[in-house]
Amino acid sequence: MSKPESCDENACKPFACAIQDCLIENGYNESKCTKAIDNLYKCCKQFYEENGPDAASVCCPKFNLLQLKLKQRSLGKIDAELIQSRK
């Protein structure tokens, strides 16, 4: 899990920036950015382990929401997918 170089070193900000970059590169198709999302959640998990559940980072979900997201991801595919509109 290497850090993207284009962002500041705020708590997990490089990983949040990597998600933004991935979404832009993939036409906002979240399902193509699973690895970037997982990397952010791993960073946020470490952030809370080091700073406690009451810590805050603008780049991380609140502690309880992060726990829910990690549980959901462990249960299977949960990324949003783009649905092609009919023309």
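Cβ coordinates come from backbone N, Cα and C, glycine included.
Note that the structure is a prediction, hence the values are computed from the model and not measured.
What Swiss-Prot says about this protein:
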DOMAIN    9-51  domain 'CHCH'
MOTIF     12-22  motif 'Cx9C motif 1'
DISULFID  CYS12-CYS43  disulfide bond
DISULFID  CYS22-CYS33  disulfide bond
MOTIF     33-43  motif 'Cx9C motif 2'
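Distribution of Swiss-Prot features across the structure.
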residue : record         : Cβ neighbours (10 Å)
CYS12   : disulfide bond : 23
CYS22   : disulfide bond : 19
CYS33   : disulfide bond : 23
CYS43   : disulfide bond : 21
### Query
Looking only at the domain 'CHCH' (9-51), what are its DSSP counts of helix, strand and coil residues?
35 helix, 0 strand, 8 coil
### Message
Just to verify a number: CA distance, CYS43 (disulfide bond) to CYS33 (disulfide bond), in angstrom, no decimals.
### Response
16
### Cα-to-Cα gap, CYS22 (disulfide bond) vs CYS12 (disulfide bond), nearest whole Å
16
#### Entry: Inter-residue C-alpha distance, CYS33 (disulfide bond) and CYS12 (disulfide bond) (nearest angstrom)
16
